[in-house]
Amino acid sequence: MAKREKPDFYAEKARKEGYPARSVYKLEEIQKKFNIIRPGYKIIDVGASPGSWTMYALQQTKGQGLVVGADLKPMGLKKSYPNFFFMQGDIFEEETIGFLAEKGPYDTILSDAAPSTTGNRTIDTGRSYSLVERIIGLADPLLKKGGSMVVKIFQGGDEKDLLEYMRTLFASVKILKPKAVRKESFETYFIGLEYKGTESE
């Protein structure tokens with residue numbers, strides 16, 4: 001436990017560079033590989049608090065387009081951005097999705113969201129499954145045809161079903177465990193590229 005409390009390389013780097021959390025470097029690696037955030041894009045960050053991914057998306061969009069953050073918890077960025085909007089709400093509620101859809105459609109859906117964890121792999125992966133399934137399902141109401149999605153999953157067996165689900169929606173799905181993920185962690189990321197869209201599109 002004492003070792004975890006000592007800041008590691010990425011935690012210290014995040015502190016020095018003004019990010020709320022080390023998770024920003026996971027997104028940075030994903031961005032460098034897949035270029036899913038560009039100036040002028042509409043981006044939504046699901047599970048945005050405390051705000052590292054949102055801050056990175058705002059930097060990459062360079063003041064153009066729109067970045068929307070959504071989370072059950074409040075998020076206070078130290079700096080205000082004219083192209084940023086935050087909604088505190090539950091993505092399992094249709095009213096929340098309807099409101100977020102009004103700001104879209106989005107070029108990219110980002111999510112580093114995770115349920116509260118126990119350290120028990122079986123319990124944590126089970127809790128994660130329904131959350132990730134819901135986030136993947138947001139492609140239909142929120143994502144532009146040709147758009148991208150990044151979602152965090154916990155490896156434990158059921159992720160194969162989630163991978164197959166994403167493959168029905170995207171032309172290509174990549175799997176990446178960024179270098180900034182802790183060695184003992186069983187989290188990884190699915191990156192969906194070129195959303196196929198709905199039949200009506």
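Backbone N, Cα and C define each Cβ position, glycine as well.
Per TrEMBL, the features are as follows:
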type	residues	note
ACT_SITE	Lys152	active site, proton acceptor
BINDING	Gly51, Trp53, Asp71, Asp90, Asp112	S-adenosyl-L-methionine binding site
DOMAIN	19-194	domain 'Ribosomal RNA methyltransferase FtsJ'
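Residue density at Asp71 (S-adenosyl-L-methionine binding site): 21 other Cβ atoms are found within 10 A of its Cβ, drawing on all protein chains shown. Each residue contributes its Cα atom, and for Asp90 (S-adenosyl-L-methionine binding site) and Lys152 (active site, proton acceptor) those atoms are 18 Å apart. In this structure, Asp112 (S-adenosyl-L-methionine binding site) belongs to neither helix nor strand by DSSP; it is coil. DSSP assigns Lys152 (active site, proton acceptor) to a strand in the three-state reduction. The record assigns Gly51, Trp53, Asp71, Asp90, Asp112 to the S-adenosyl-L-methionine site; their largest pairwise CA distance measures 19 Å. Looking only at the domain 'Ribosomal RNA methyltransferase FtsJ' (19-194), the predicted model's pLDDT averages out at 90. The two recorded residues Gly51 (S-adenosyl-L-methionine binding site) and Lys152 (active site, proton acceptor) have their Cα atoms spaced 16 Å from each other. Here the Cα atom of Trp53 (S-adenosyl-L-methionine binding site) is found 12 Å from that of the residue listed as 'active site, proton acceptor'. For the pair Asp112 (S-adenosyl-L-methionine binding site) and the residue listed as 'active site, proton acceptor', the Cα-Cα distance reads 5 Å. Between the candidate binding-site residues, Asp90, Asp112, the densest Cβ environment within 10 Å is the one around Asp112.
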